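Asks: Here you go, one structure.
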Amino acid sequence: MLAALLVCAMVALTRAANGDTGKEAVMTGSSGKNLTECPTDWKMFNGRCFLFNPLQLHWAHAQISCMKDGANLASIHSLEEYAFVKELTTAGLIPAWIGGSDCHVSTYWFWMDSTSMDFTDWCAAQPDFTLTECCIQINVGVGKCWNDTPCTHLHASVCAKPATVIPEVTPPSIM
């Protein structure tokens, strides 16, 4: 009990010292003492931080914008993660860029963060492998599915990066 209180106090003091009380933090790890957090305005899901950017940008400019925050356009790895991302984009009402592309090798889709493309939610007849359509737009049509579209279109975007792990601090033993 005392250890839990000390950890909570340490977290509160760290946040106050950083002047950043708007961060989203989650206890993780087998000991329950590790803390991961996201910057202010970012939202956490499965150990990653996501940010919806409503600015209408070309895909490459959206990626550059993410990189300025140490992130990439989001990769999506499960239906649950996609549901979370859709909620970030005003419940799926706003078309947005994510980090998938086949611009380098047509028909070979990859994520900008170099993770495997182990989940997709393409709309019917997509991707259609049109050479000028090599970036992924989400929230298309009634099904809110994915479409390969020209990278020069203007859309909002979703960035993602790993959550920051705050090192576990072992409080001094009290004798």
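Even glycines carry a Cβ here, placed using N, Cα and C.
Straight out of Swiss-Prot:
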| type | residues | note |
| --- | --- | --- |
| SIGNAL | 1-16 | signal peptide |
| DOMAIN | 36-163 | domain 'C-type lectin' |
| DISULFID | Cys38-Cys49 | disulfide bond |
| DISULFID | Cys66-Cys159 | disulfide bond |
| DISULFID | Cys103-Cys134 | disulfide bond |
| DISULFID | Cys123-Cys145 | disulfide bond |
| DISULFID | Cys135-Cys151 | disulfide bond |
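Tell me what's around each of these sites.
Replies: According to DSSP, Cys38 (disulfide bond) is assigned to a strand segment.
Its own atom aside, the Cβ of Cys159 (disulfide bond) has 25 Cβ atoms within 10 angstroms in the protein chains shown.
A simple way to gauge crowding: the CB of Cys103 (disulfide bond) has 16 other CB atoms within 10 angstroms, across all the protein chains here.
DSSP classifies Cys145 (disulfide bond) as strand under the three-state reduction.
The DSSP secondary structure for Cys135 (disulfide bond) is strand.
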Asks: Per DSSP, to which secondary structure element type does Cys151 (disulfide bond) belong, with helix, strand and coil as the options?
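Replies: In the DSSP reduction, Cys151 (disulfide bond) maps to coil.
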Asks: Test of understanding: give the count of other CB atoms lying within 10 angstroms of the CB of Cys134 (disulfide bond).
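Replies: So the Cβ neighbour count for Cys134 (disulfide bond) comes to 22.
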Asks: Using C-alpha atoms, which one of the disulfide-bonded residues Cys66, Cys103, Cys123, Cys145, Cys151 comes nearest to Cys49 (disulfide bond)?
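Replies: The answer is Cys66.
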Asks: Restricting to the chain of Cys151 (disulfide bond) and a gap of 6 or more, list residues whose Cβ falls under 8 Å of its Cβ, or answer none.
Replies: His58, Trp59, Ala60, Ser101, Cys103, Cys134, Cys135
Asks: Enter the number of other CB atoms within 10 angstroms of the CB of Cys49 (disulfide bond).
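Replies: That number is 24.
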